[in-house]
Amino acid sequence: MLENKREHLAKFQSLIALAVMLIAMSLLSDSFFTPENGLNILRQISVNLSLSIGMTLIILTGGIDLSVGAILALSGAVAAGLLKNGIVIEPLGVKLQFTVIGSIVSGLLVGSAAGLFNGIAVTRFKLPPFVATLGMFSIARGLTMLWTGGFPVTGLGSSFGYIGTGVLLGIPVPVWITGGLVGVFVALTRKTRFGRHVYAVGGNERASLLTGLPVDRIKIAVYTLGGLLAGMAGLIVTARLDSAQPNAGLGYELDSIAAVVIGGTSLSGGRGSVMGTVLGCLIIGVLNNGLFLLNVSPFWQQVVKGFVILAAVAVDRMSQRDR
Amino acid sequence: MTVSGDLVLEAKKISKLFPGVKALDGVDLTLRSGRLTALLGENGAGKSTLMKILAGVQPPDEGELLVDRKPVQFTGPRHAHDHGIAMIHQELSLVPDLSVAENIFLGREPLRFETLIDYSELNRQASQWLKRLELDVSPTTPVRRLRVGQQQLVEIARALAGNVRILIMDEPTSAITDRETEVLFRCIADLKKQGVAIVYITHRLEELEQIADDIVVMRDGCLIGTAEFGELSHDEMVRMMVGREVKVLSKESSTNKHPVLSAGNISLKHPTRPGDFLVNEVDLHVCKGEVLGIFGLMGAGRTELLECLFGLHPKTSSGNVSIHDECVRLKCPADAIAHGLALVPEDRKHDGLVLSMSVAENASLASLKQAERFGFIDRAKEREHTRRFVERFRVKTPSLREKIVNLSGGNQQKVILAKWLATGPAVLMLDEPTRGIDIHAKNEIYTLIDELTTDGLAVIMVSSELPEVMAVSDRILVMCEGRATQEFDRAEATEEAILQAALPKRTSIPC
């Protein structure tokens with residue numbers, strides 16, 4: 001079992017924090033504790049959750065990814081551009097037009113490719129993850145601007161929009177998507193050899209290498225998955241707005257790191273869980289939603305979020321020191 | 001001003017406990033001004049621990065320190081330094097990006113207006129020290145650009161510049177050339193004239209003739225003897241350093257079998273000194289059911305030899321390895337494991353265990369594939385798979401889910417053994433398998449090694465504990481400064497002969 005008492009405690013702390021917030025918000029606002037608002041919160045967190053699942057894997061190996069927000073924008077822009085305008089291959093004089101499915105797959109491929117690049121930079125070129133992904137942050141932002149010319153790509157049609165605005169069996173489609181992703185990645189981290197190896201590499205990289213684990217391949221895989229999930233998040237954002245904004249996802253990497261940390265995953269790697277990150281996203285989502293319903297200024301929301309991050313990490317550190 | 005021969009430091013009944021080990025047991029030491037005391041002993045004898053206590057790096061658990069006949073209790077190295085005690089560490093402790101001069105005067109820079117560093121004065125004073133040590137570098141050179149030997153001299157300059165009365169040197173000549181050693185010895189002679197008391201740790205007994213006044217020999221945390229230099233012969237010193245009784249495991253000597261692993265011409269280049277080798281043309285082989293012991297002092301290249309065999313230095317090592325008569329090229333540990341090798345590393349916590357994981361997760365890490373079903377880990381299968389080994393090795397743990405950090409050192413080591421045994425290896429390489437674990441657990445590990453070889457495993461065991469090597473091995477390979485110097489059969493090995501083969505003979509190191 002990967003969960004020890006300490007991790008139980010960390011998850012417990014997040015759960016208590018979430019419960020306290022739910023009760024407090026319910027008492028303070030009549031419109032908070034309703035099924036509609038519940039689904040609303042789930043839909044609102046779906047983008048951050050998609051990013052944060054990938055971020056959890058990366059942080060579990062002891063890395064970090066600052067480029068997910070930029071990859072989100074690039075993937076969304078590529079998918080939207082291919083769908084709306086297709087692509088002209090000059091030397092052949094051909095114009096390729098993309099279907100909805102084709103553009104979705106392309107968006108996901110672009111995200112994965114950017115993640116793969118991060119992984120190769122971290123392993124083959126031995127760049128610190130902070131630096132490698134900071135570079136990708138700039139590269140992806142620049143490419144997005146080049147691709148869109150700095151203008152939003154709008155009018156993508158209702159079938160593409162279904163990813164972001166559709167409702168299936170009373171539940172928004174983005175919630176179905178991220179719910180599915182949570183299921184897949186919880187199983188991946190807890191039940192597979194790959195998942196166990198991710199924890200081992202983050203827990204002790206040298207020991208993992210000496211035990212014969214393919215450390216480099218594991219790292220490349222987690223960064224690629226991080227890029228893939230950022231691509232998914234980009235599709236959701238673009239579909240929801242019916243528009244690919246060149247500046248989409250600005251600062252999202254910080255929200256996703258915050259969710260992972262609040263969820264009890266250690267920034268030094270080896271300790272944490274995808275379920276913890278789900279709780280972390282919920283806490284941030286409930287906080288934003290509740291404060292909005294209470295008419296608290298969005299500026300104050302940021303201040304409160306900052307203190308929640310500090311408190312979460314401080315409590316985690318203290319429980320570690322108790323040993 | 002002290003007169004030569006004055007008592008400057010006395011240590012009385014110093015004891016120090018580390019978890020599970022008594023590192024020092026009631027040791028006395030006296031240092032006199034203007035005299036050099038050579039401190040001798042095997043690895044793990046407690047020399048470095050004693051010196052760290054004198055230098056204020058660690059407090060003693062029991063005992064008393066007197067400087068100038070007044071009792072002192074050091075709060076840290078700085079406090080010891082205020083009493084005129086400086087230590088030159090075996091591991092370099094310079095700041096690589098600061099200049100030579102800045103390093104020499106770190107923490108006591110000459111100031112202008114009491115606030116700003118007076119760089120011209122700093123560099124002027126530094127160049128005087130460099131001249132005295134005949135070190136031909138500019139005081140403004142960053143330390144990172146110097147060779148290790150030159151860095152060692154800078155470290156020495158730093159200790160000297162601090163106006164010391166008691167200087168502790170821990171193997172200062174291990175990384176410097178003959179010429180630099182001569183300069184160092186001239187400096188030592190100067191210092192003695194000035195009345196500085198020196199403690200000098202070394203494995204090179206040949207050096208003593210030029211510098212030593214007194215000899216102190218330690219073994220297993222105890223003081224074995226003190227004498228003036230010249231009262232003891234070379235052989236007597238060696239005999240005092242060894243001579244521990246250990247019960248020898250009854251064991252039939254292995255018959256001449258076919259080697260499972262044989263390696264020829266294994267060499268490993270030094271990472272920073274071109275033309276120098278950490279492992280130098282070593283040949284070895286090990287047969288089924290046999291234990292090959294590898295003995296050597298610190299820095300003999302034993303660990304590096306195992307690392308080469310395990311595929312950890314594919315770019316800088318060379319040589320031929322064959323396993324079961326098949327010539328193999330091992331480019332990474334995964335290759336080595338696939339060919340039936342296993343390595344239990346020296347540093348358990350750093351290299352062996354994933355401390356954030358449980359006993360079961362650590363034990364199954366190398367063989368997780370066997371616990372898989374339809375691509376998913378079957379936890380029941382995993383527990384079943386690891387329980388076999390954990391029970392066989394009598395690992396004491398409340399459950400398989402217990403965190404590995406909560407186990408004792410001996411039990412942690414058994415879990416690492418369990419991890420490797422689960423991969424079904426042909427050759428098990430153990431690097432200091434009993435370091436830092438208590439006597440009882442040590443004996444258990446010896447028994448396990450015995451059982452495993454009876455089952456047909458070939459074992460290579462590196463150890464710096466002579467009695468252990470003698471008790472466990474069928475054959476003993478002795479290494480010194482990267483080379484295999486001699487090989488002994490179990491029957492013909494004596495502690496004196498082994499240690500003689502392990503002690504460096506002064507040969508010139510290329511510049």
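From the backbone N, Cα and C atoms, a Cβ is placed for every residue, glycine too.
Model, not experiment: these values are computed from the prediction.
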Transmembrane segment according to TrEMBL, located in which of A:96-117, A:250-271: A:96-117
Tertiary contacts of the transmembrane segment (A:96-117), as residues 6+ beyond its ends and Cβ separation under 8 Å: 54, 65, 67, 71-72, 74-76, 78-80, 82-83, 86-89, 136, 139-140, 157, 159-160, 163, 220, 223-232, 234-235, 238
Touch test for the transmembrane segment (A:220-238) and the transmembrane segment (A:41-59), at least 3 Cβ pairs under 8 Å: yes
The transmembrane segment (A:160-188) in contact with the transmembrane segment (A:12-29), cutoff 8 A, at least 3 CB pairs, sep 6+: no
Stretch with greatest number of CB pairs under 8 Å, the transmembrane segment (A:129-148) reference, A:12-29, A:66-84, A:274-293 candidates: A:66-84
Long-range neighbours of the transmembrane segment (A:274-293), counting only residues six or more past its ends (CB under 8 A): 7, 10-11, 14-15, 17-18, 21-22, 24-25, 28-29, 31-32, 37, 40-42, 44-45, 48-49, 52-53, 55-56, 182, 185-186, 189, 255, 258-265, 300-301, 304-305, 308, 312
Stretch-level contact, the transmembrane segment (A:41-59) and the transmembrane segment (A:12-29), CB cutoff 8 A, at least 3 pairs: no
Tertiary contacts of the transmembrane segment (A:12-29) (same chain, 6+ residues out, Cβ under 8 Å): 262-264, 276, 279-280, 282-283, 286-287, 289-290, 293-294, 308, 312, 315-316, 319
